Every structure is written in structure tokens, then in C-alpha cells.
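These come from Swiss-Prot:
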- Cys480-Cys512: disulfide bond (DISULFID)
- Asn61: N-linked glycosylation site (CARBOHYD)
- 135-177: region 'Disordered' (REGION)
- 52-670: topological domain 'Lumenal' (TOPO_DOM)
- 31-51: transmembrane segment (TRANSMEM)
Amino acid sequence: MTGILPTYQRFVNGVPVPSISRRSFRLREKYLIVSVLLTFGIVWLGALFYLPEFKSSNSVNDSVYNVYKRIQKAGPELLMPPPLAQNDVGDFPVIGIAHHGEGGDDPHVIEDRNRLRAKIEEDMGMKVLERPQFDVAPSVSSSRGPSKPPVDAIEEPAVGNNAANKDVSPSGPKAESSDKFVAVALAPGADPEIKHKLETVKKMMLHAWYNYKLYAWGKNELKPMSKRAHLSSVFGAGELGATIVDGLDTLYLMGLNDEFREGRDWVAEHLHINEIDSDLSVFETTIRFVGGLLSCYALTGDTMFRDKAAEVGDALLPAFDTPTGLPYALINPSTKASRQYHWAGPNSILSELGTLHLEFTYLSDVTGRDIYRQKVSRIREVLDQIDKPGDLYPNFINPRTGQWGQRHMSLGALGDSFYEYLLKAWLMSGGADEQARIMFDTAMQAALDKMLRVSPSGLAYLAELKYGRIIEEKMDHLSCFAGGMFALASTTLDNSMSERYMDVAKKLTNTCHESYARSETKLGPEAFRFSNAAEARAQKSNEKVYLLRPETFESYFIMWRLTKQQMYRDWAWEAVQALEKHCRVEGGYTGLVNVYHANPQGDDVQQSFFLAETLKYLYLIFGDDSFLPLDEWVFNTEAHPFPIRGKNPLYRAVDKPVLPEPAHAQNNRI
């Protein structure tokens, strides 16, 4: 029948043209298409089940949720960058950009941002987290290792390693309802006004933490006005989470358990210092990271913190490879290369190499690795044996030759915390480190004789020396820690120097308060001078800044604990009110460019030490004396509390190594 059906053929200029369309594929083409689709399906399914997020989860639903959490942690800026505010882009003004409404934010963007924030809060509110005092096992998985530590990761304090046999918690007696050590800042029935002040500081911590989490999570610090990460901080752009590590023990002490847990989990999963390929300050990394991690280990017993502290300590060891054992200032954890600051020439800084002793000694005691103690003991020996001009220590020393640089001496910048750590090393050792105490008292007698000055109106201050002479009649804000230092020294002596130390402590703390009281913002400048024209006031523009510093509040806290004079609490509350009025912004807390302006401009940096130190000391001053008692705890220069050996069973010293010897030590022995 087909033979009689008509056929049709197209012709162009009489030439037949073949048809270019078919209604079906040839059999071979069908097989090829099916094969491609089948291969694609197999690859897709394989990828689905071998992604790290899916391998570490028990169910597909959990895996999807984990992926969602990863996106969430990236922060709202990933999905919706914040709008330009105040006609600014970054640090540079932009002319002619119009914004709607107050503050320069587009109302549509504000509505979208509020919806996103509400969604994040709703999702975070769904979490049910255990109190960290009872269980600090990680709640997130990591592709780098097991998702949970062994059951015995939480260690009870080894009372046998300490002279004291009593139950001691961060707040004093061990809570009856728990076999862990729980922090309680105020006893039941406390004064409602004091409780209100304590809660105010806690809310400040939450405001600082929440905005860091929202705009800079995992980065080092926050720009609270720009609402983005601060990439030019002391730790640069590397994702070390400096604010997280620095603020963790403050969260714990304030009882902010959910926030502590999320910070703890970030450290467990993301803090890998050996991946950082940039120069880090040995000093800053030690006091903030090693110090912060060891403090959390002492408070909680979570061995993750101890192990991370050892990891960071190991990364710093190559900086000590010098002819004298005095470390270089900077270390690249990835390449292991170390160097000095360009501005310091061949020299290391006294306050940096001399402010490692607490952290490295304690790290040796809790890990059983003696190498850390060996490094700082070598520094101590060099500084003890070297010739000291007038019994004081110049700020610069060459680690290759062991010779002093410029004969510039200070209890402020470049020198301050070296002297602080001589006293605190003796305190933390339970009085066993006699060398440190002798070095401290000898240096302080020289400092009081040569640096202590009194202004025409009677204000005491610590000036700076160069070649034995006063070079400037000024005092740094950094020196304001000295009031607390001299007070601690006074209460631990039983001789004629004790009374003099306490007298100096009161006078210096009063002077630092005057530098606050004489500014329009009631916050203190970076440095202040003394002359007939003006006293306790800054004169140069770069001295008029306030960087959210804690040193004055540290002295308020210690002076309150040791004297019980109400004015120290009153001064602290004045500072809280000033911080809330001038430094608080929608995106956190900012430093100030000029403390003498009634409406000062912000510097747009929320320093990590604002959470670690400033807020911690302001919180502690309104707490009970049994909350971190000073006869059982000593604070490192970043306000991380360390237990005192022989007086606090949370010291957790071990008799033998609990971690393998670091590779650097093995290589040096070879």
C-alpha cells in the first residue's frame, strides 16, 4: 500500500533538497542519550552521599540542615551586603549618593534586613543547648576529625597536684546541684541596684557579641559602624576568630551558655593556626589565644581548649630560634619564618618577650611538655643576668646579641606588662618563683625613685626615662594598670614596702580617673600630660583617642576588691554610662577619635579586648568577692583568669605528658 502513497520532494532551482528534520531519533542516538543521562544521575547521587556535610551526618535531613547552617554562618552580608551608610563607602566619603529616611538607610533594605535578622533569631532560638558547665562536647561536626570528643574529655580537677583540698569554683564553693564548677557572680538576695549594674554590663556583652556574630563571624574583629569585618587588625585578614577566642571566658563567667557553646564549637572546628600564611605577633597571639584557651580549659576542663592552646603554642616555637633564646616579634605559622617589626630595627620589645611567662609555664603544667617552660625560663635568665641601667630594663633588646638598644624605659607602652608579669608569675606559682619577685621588687623601687612624679596640683604619675632622665611629663593609658599592680604587690608583702606600694596604687588610680573626669565624654585619652596649663589631659591629636581600653577599669576592680572603697564602684559605673552614651552604636561598640568632643566621632573598630578585658573587669567589680577570688586566680595581661598553683584545684597540672612532643622540639634535638 505504501507504494501508491504520494511522495513529496522540495526542489530549489530544479535541484532536489533533502529533508533536514526527523520526527524521531535513530536507535543509536537513543542509546547515547540514555547513557549520558544515566551517567549524570550516578555522578549526582555519588556527590550527594560523599559531600563532607553528608558523610558526617546521620540522615539526609540533618545533612541539609548542616549545609544550611554553613550558609547561615557566612553571615547576612553574603546574601545581602549592608547598605551604604552616611554617604560612605569603606573609609572614603562618596558625594551625591542619596539615601531615604534617618541614618541614610533605604527603608526597603531596612525591612529586608529586619526580616533576615528575625529569621536568624528564630532559627537560633530553635536550638536546645546544654549548659557548658555540665557538658562541653562539641555540637557540630568537623571534616577534620571525630565530631565528638571521648566521654572523658571533661576532666575533674586533679586535687592531688595542688596543696589545697577544698572545693573551689570560679565563684567559690562548688554548687550542690552539680559535680562541675559553676560560676555565680552574685549570691541570692543581692542588692537590686548592684544586680541591675551587673545585668547592664552583661547586656553590653551580648550587644557586642551579637553584632560581631552577625557581621564578622570568624573574622578577627568588627567594624561596628560599617557593619563588616575589620581586616586591618593586629591579626590581619586571616580567619582566626580573635574576638571569639578572646571573649569566650567572659561569656562563660557571665553565664551566657548558648553563646559560649557556639564560640566553643567554632574554635573546635575552625581554629587551625598552622593554615595562616601571614605574620602574627608572638606576643598578641600568646596573650589572646594561648591565654584565652588556657583560661577556658581551667574553667571548664574541656580538653579541646588545652589541645588548641598547645597547637597555637607549637606554632610560635620557631620564633625562639635565636642565639640568645629571646624571640623575634613576628612569626608566620605556615612557613615558620620569623622576623622583627620594621620600625624596631633588629630589636625585640621588652613588654612582648617579657609577657609570655604565665601562658607558657601554665601550658607546660597542663600538657606535661616542658619545652614551653624552657623557652620562657631562658628569657628570664637572660634578663636577670644582663646589666641593667639603674636597675631598670630598657624597652629594646637585640635577640641576636643580647644587648640593649635605646636606653628608653617605661611602665607604659613597650615596657608595661613585663613588670606586671614578674609579679604575676610569682603569684601564679603560689610564691615558689622567688626569682620573679626579687626582680619585680628591685625594679619597682628603682621605678618609684626615678619615674614617679607629682604634678603641681598633686597628681601622681609615671613618666618615661631615656638615659636616666625624664623625657616627657606624660603618662600613657596603658600605664593605668599600675594602680592595680602596686595594690596586688602591697597585699602580698609583709615589710615596709607594702605601705608604700598601696599609697602609690591609690594615687595612680586616682590620676587615671582624673584623666577620664576631665574629658567631655568621661572616657580617658590614650595619653595625658602634666603642665601648668593643663593636667591629666591630652594635647596631641593622636593622644585624644579612646580605643575601648581596659587598664583603668582593671585598677578600679583590684582596688575595690582590696580596699572596699565605694568610689571605685562609682567610677566604674560612670564608665559604663559613658560607654553606653558615646561608644554604643547599632552594630556594636566603637572607639572614639577625640574624647574632648561632646559628640565624638567613632573610630569604627570594636577591639577584641573590649570583650576580653573591658567588659570583664566592669562585670567583676559588681560581683561578689567569691567570684574569681584574687587569692585563687591571677589575670594575664588580656584579663584571662589563670588558677594559682597550690591554692586552686582547677590548676589541673599533670605529672606526665598528655600530648605528643611537638615536632619543633624533636627537630631541634636532632
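Every residue, even glycine, has its Cβ placed from backbone N, Cα and C.
Given the structure is predicted, the values throughout are model-derived calculations rather than measurements.
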Cβ atoms near Cys512 (disulfide bond) (within 10 Å, other residues, all chains): 27
Whole-number mean pLDDT, the topological domain 'Lumenal' (52-670), equals 84
According to DSSP, which kind of secondary structure is Cys480 (disulfide bond) found in, if we only use helix, strand and coil? helix
